[in-house]
Amino acid sequence: PKTFGITSPISLAAAKDTDCTLMQKLIETLKPYGVFEEEEQLQHRILGKLNNLVKEWIREISELKHLPQSVIENVGGKIFTFGPYRLGVHTKGADIDALCVAPRHVDRSDFFSSFYDKLKQQEEVKDLRSVEEAFVPVIKLCFDGIEIDILFARLALQTIPEDLDLRDDSLLKNLDIRCIRSLNGCRVTDEILHLVPNIDSFRLTLRAIKLWAKRHNIYSNILGFLGGVSWAMLVARTCQLYPNAIASTLVHKFFLVFSKWEWPNPVLLKQPEECNLNLPVWDPRVNPSDRYHLMPIITPAYPQQNSTYNVSVSTRAVMIEEFKQGLAITDEILLGKAEWSKLFDAPNFFQKYKHYILLLASAPTEKQRLEWVGLVESKIRILVGSLEKNEFITLAHVNPRSFPAPSENMEKEEFRTMWVIGLVFKKMENSENLSVDLTYDIQSFTDTVDRQAINSKMFETEMKIAAMHVKRKQLHQLQPSHVSPKKKKHSFEGVKLLSLNDSSIDLSVDSDNSMSVPSPTNATRTSPLNSSGLSQGNSPAAPVSFSVTNVQATDVMVPQNNSTENLGGSLNESIPESATHPGFSSTPKPLVTRVVSSMRLVNQLQKPVSNTITKMPSPVAGVKRTSSPSNEDSPKKNKTEEDENDSSISADVDDQNKLETEELKEVHSEEKSSSPVPGSLPFSQQSSTDLSDISVVPATPIPVIKNSIKLRLNR
C-alpha cells in the first residue's frame, strides 16, 4: 500500500459502526453553521464563463502581437482555482480564489489593462477593482453575485495546454517573483490534495476543524494564529498518520496529535525537494531566522515556506491550550458523554482575563477607515510580540475579531474599529505591589504603524490610534447589551468609563454581523460579542489576583509629514525586526490625554529588558475555560454498574491515547532524523521573508505622540 507522509502511519485501523454513527452526527451538527456550500452549480458556471473570457482575451492579445495563426488557434490560457474552493471546503458566502495562467507573450500589464477592460464590459461583473501594486497583485470583482479574486501568472510557454499540471517544478524556471508568488497558492493546494489518503475524509475533517478554530477565535494568520492553508496542512498530516480513519475519528486524532506535538519540530507533508532554482526556502540549517520560528508548518510545494511565521509565544500557548481542551471534549464525545455541539461552543473571551488592552483605530471616512484598519490589523501581532516580551506579562491574547465602535464626538462624523487584547500578568511572590509601564510597548507599535502609513503614502489627516487599559468589570459597562452580561433587564445605555476631569471615553460597540464567526442558523441570533460568550453568567477564575489602581491612556494621532521621503516597502510587506522597535524622538505634547483615577507615575519610560524571555514557555496553566470539564460540575454519587462500565470505557480511551502518544514520539524521532529542525535558541521574533522583495526601513524614528499606559497592580 502507498505510504503518505514522511513517516509510517500510527494506525491503519478501519472505521467501526460507532465511528460511522458519530460521523453522521458530526455532519448534522455542522449543517446549521453554513459550512456546506449550496451554490456549487452557480459557481461552476461562473468559473466556466471566466475561463472562456480568459481564452478569448489571450487570443485577442496574440493577434495584436502578430503571432502565427497556428499558434493563436492553440494558444490556450486557463483559470485555476486554489484555497478553500479548490480544497473542496468552500463555505457559504465566501469568495473564490482564482489564478489566470497565460503564455509568455502575455504581460502582466496586459492583464491589468486589456483584461480589466474586458471584465468591465461584462454585465455580470460588479465592484471591479485592481490592486496592481500589492505584494501579490490581484483583480477583485463580483461575478453574478460571487466574489472572486484573480491573480495572474505568465509561464515561459508558448501555449497553455488544458491538462497543465502546475505542480511541475520546471514551470518556475525564468519566472519573476510575482508570478512565483501567484502560482504558489495553486501549487500548495494541489500538493495537499495529492498527499492525503482519502480526500472526502480530509474535507469533512477540515470543515469541522476550521469551524472549531473560528468559533474559538484562533483562525487568523495576520494576527499570529493559523490561516486556512495552515489548518489544512495540520488536518492533512493527521490523515497521513491515520489513513483509514473517517472524519469523526480524525477530528479526535487531530487534537490528540497536536496537543502533544513537540514544537518547534516542523509539520511536513513530504520531504523537501531541491530544485536548484535559487529560490529562498525554509531551512533552519541555512537561514538563522528560520530557527526562531515557534510553530513551523511547511508548505509541500517548492519553494517550501513556513506558513506560520507570524506565530508568537502567546498565540502558540493559546492554540496549544485549545488543542488540549479539544482533546478533552472529543474524548467525552467518543464516550457518549457529550455531543459534537460542545466542541463548537464559543468560549467566553471577555470573561477569561482580568485585564484587557483596547485598541481603537479611527478615520474621518468609511473608505479611509477600511484602509487604516487593514494597516493597523496587520501590525497588531507586533504589539502582541512586544507585550509578551515585557518581564511582567505572561500572556497577551488578541481576539482576532474586531468590532465597530461609534464616534467619540457625536457632533463630528468618525468611523472607528476596536480590537481587544487579554493580558495575564506574572504573579510576584515577594512583592506586595507591582508597577508596570506599557508605554514603550504601545509606542513601538504606534511607531511601526505610523512608519508604514507614511511609507505607503496612505496616511490621511485625522487617522488616529487610541489604546487604553480596562479591567474585566469595566467591559460590562460598555453601552450595548451584547457587551454586557444579560443578568439584569435594565439598559446600560449611557454608561461610560470615567476619566480625568469628568471627561469620558465612550467605548460602546455596535453589532456587526459581518464580523461574526459562523453560528448555527437555527439558534437565536446574537451579536459578535455575544457569540463569544460574554452574556454567559459564570465567569472563570481570574488568571491573576491583582487589581489596577492607576491607569493612563492616551489617544495617538499620526503626524502629518509631507517632507518625509518614501522609505520603501508596501502595505502587505513584512517589516524588518529593526523597524518594530524604533527609538524615541523628543516627546511632543499629546493631543488628548485621558487618565482613569488619580495618577502616580511608576517606572519611568524605558525599554524593557531584552532578555526577559530566554526560552519558549509551556502553555499557560491554571486558566479554566468556560467549556472545561470541572469536578464541580457534577456532584459525587454512588458508583453503579453503569458507572463502572463508563470508567472501563474511559480507561480504554485513556490507554489508547497513551499508546498513540508513545507512537507519536516515534514519529517525532523519525521526522527529526529526516528533516531540518530548528536548534534550541533563545526566543527572538523574526520577520519571515516569505519570497519578499522588501527594502529595509531605516531606523530613523518618525516623531509620534506618546501613548502612555501605566499600571499599579496590588496583590
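Placement of Cβ uses the backbone N, Cα and C atoms for every residue, glycine included.
Since this is a predicted model, take the numbers as computed values, not measurements.
Here is what Swiss-Prot says about this protein:
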- Phe82, Gly83, Pro84, Thr91, Asp95, Ile96, Asp97, Asp149, Lys210, Tyr219, Gly228, Val229: ATP binding site (BINDING)
- Asp95, Asp97, Asp149: Mg(2+) 2 binding site (BINDING)
- 515-539: compositional bias 'Polar residues' (COMPBIAS)
- 560-588: compositional bias 'Polar residues' (COMPBIAS)
- 655-673: compositional bias 'Basic and acidic residues' (COMPBIAS)
- 674-692: compositional bias 'Polar residues' (COMPBIAS)
- 510-543: region 'Disordered' (REGION)
- 560-590: region 'Disordered' (REGION)
- 607-693: region 'Disordered' (REGION)
- 472-489: motif 'Nuclear localization signal 1' (MOTIF)
- 624-639: motif 'Nuclear localization signal 2' (MOTIF)
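A map of Swiss-Prot features onto the structure.
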{"residue": "Phe82", "record": "ATP binding site", "CB count, 10 Å": "23"}
{"residue": "Pro84", "record": "ATP binding site", "CB count, 10 Å": "22"}
{"residue": "Asp95", "record": "ATP binding site", "CB count, 10 Å": "16"}
{"residue": "Asp97", "record": "ATP binding site", "CB count, 10 Å": "22"}
{"residue": "Asp149", "record": "Mg(2+) 2 binding site", "CB count, 10 Å": "16"}
{"residue": "Lys210", "record": "ATP binding site", "CB count, 10 Å": "21"}
{"residue": "Gly228", "record": "ATP binding site", "CB count, 10 Å": "20"}
(request) Taking the recorded Mg(2+) 2 site as Asp95, Asp97, Asp149, identify the other residues of that chain whose CB atom sits within 8 Å of the mean position of the site's CB atoms, giving them in sequence order. (result) Gly83, Tyr85, Ile96, Ala98, Lys140, Glu147, Ile148, Ile150
(request) Please find which two of Phe82, Gly83, Pro84, Thr91, Asp95, Ile96, Asp97, Asp149, Lys210, Tyr219, Gly228, Val229 have the most distant C-alpha atoms, given that the record lists them as binding ATP, and give only that distance in angstrom, rounded to a whole number. (result) 21
(request) Sorry to bug you, but what's the C-alpha spacing from Asp149 (Mg(2+) 2 binding site) to Phe82 (ATP binding site), rounded to the closest Å? (result) 10
(message) Tell me the coarse DSSP state (helix, strand, coil) of Asp149 (Mg(2+) 2 binding site).
(response) strand
(request) Pull out the binding-site residues from the set Pro84, Asp97, Lys210, Gly228 whose C-alpha sits within 10 Å of the C-alpha of Asp149 (Mg(2+) 2 binding site). (result) Asp97
(request) Average the per-residue pLDDT over the motif 'Nuclear localization signal 1' (472-489) and send me the rounded value. (result) 56
(request) Would you mind pulling the DSSP three-state label for Asp97 (ATP binding site)? (result) strand
(request) Give the helix, strand or coil assignment DSSP yields for Phe82 (ATP binding site). (result) strand
